[in-house]
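Just below is one structure, and these are the notes that go with it.
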Amino acid sequence: MGCCYSSENEDSDQDREERKLLLDPSSPPTKALNGAEPNYHSLPSARTDEQALLSSILAKTASNIIDVSAADSQGMEQHEYMDRARQYSTRLAVLSSSLTHWKKLPPLPSLTSQPHQVLASEPIPFSDLQQVSRIAAYAYSALSQIRVDAKEELVVQFGIP
């Protein structure tokens, strides 16, 4: 889309004008009347297209920034402080509601209160592991051989006229 270029002695009028357009906060964001994003493909040139896109990105970024250094907490009145606190609380509630799926996951089970003792103990003998594997294979084969045979119809038609 663009590149960063810096030169101390080369500064054309066009570069100054582009910098002024990008850094000018008084320019309104480019939105259509219905609130939809503007159609960048209908603009006559690619340069205007890039400028409009950069202006909209800059406007969105500027609207989402909270300047903490500009807020003087001593000069703020009580009702302004309460309004901001309410606004931040609603923003946090909206953001935290999208994270509810993380709260629904069950925590990992705690099988022991002293895992260091479990990890330091002797390993499970190989014969026990083989026996568990044989039992699991036997259970799998038994479950895979279960078949349901239909002996009669599941839906019986009654002779109701």
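Glycine residues also receive a Cβ, built from the backbone N, Cα and C atoms like all the rest.
Sequence annotations record features per position, and here Swiss-Prot assigns region 'Disordered' to 1-43.
What Swiss-Prot records for Gly2 is N-myristoyl glycine, and it gives experimental evidence as the kind of evidence.
Annotation source Swiss-Prot lists S-palmitoyl cysteine at Cys3 (among others).
Under the heading S-palmitoyl cysteine, Swiss-Prot lists Cys4 (among others).
Annotation source Swiss-Prot lists ubiquitin cross-link at Lys20 (among others), citing experimental evidence.
Annotated phosphoserine per Swiss-Prot: Ser27 (among others), in sequence order, evidence recorded as a large-scale study or a structure entry.
Sequence annotations record features per position, and here Swiss-Prot assigns ubiquitin cross-link to Lys31 (among others) based on experimental evidence.
Among the features that Swiss-Prot reports, phosphoserine is placed at Ser42 (among others), with the record citing a large-scale study or a structure entry.
In this structure, Ser56 (phosphoserine) is part of a helix by DSSP. Every protein chain considered, the tally of other Cβ atoms within 10 Å of the Cβ of Ser56 (phosphoserine) stands at 16. Residues or ranges marked as phosphoserine in Swiss-Prot (evidence: a large-scale study or a structure entry): Ser56 (among others).
The ubiquitin cross-link feature in Swiss-Prot is assigned to Lys60 (among others).
In this chain, none of the residues that are 6 or more apart from Ser98 (phosphoserine) has a CB less than 8 Å from its CB. Taken from Swiss-Prot, the feature phosphoserine applies to Ser98 (among others), supported by a large-scale study or a structure entry.
Per Swiss-Prot, the feature ubiquitin cross-link maps to Lys103 (among others).
What Swiss-Prot lists as ubiquitin cross-link is Lys104 (among others), and the listing cites similarity to another entry.
Residues of the region 'Interaction with LAMTOR2 and LAMTOR3' (121-161) grouped by DSSP class, helix first, strand second and coil last, total 19 helix, 0 strand, 22 coil. The region 'Interaction with LAMTOR2 and LAMTOR3' annotation in Swiss-Prot covers 121-161.
If you take the C-beta of Ser141 (phosphoserine) and look for same-chain residues 6 or more apart in sequence within under 8 angstroms, you find none. Taken from Swiss-Prot, the feature phosphoserine covers Ser141 (among others).
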CB contacts for Lys60 (ubiquitin cross-link) [other CB atoms within 10 A, all chains]: 11
Averaged pLDDT, computed only over the residues in the region 'Interaction with LAMTOR2 and LAMTOR3' (121-161): 89
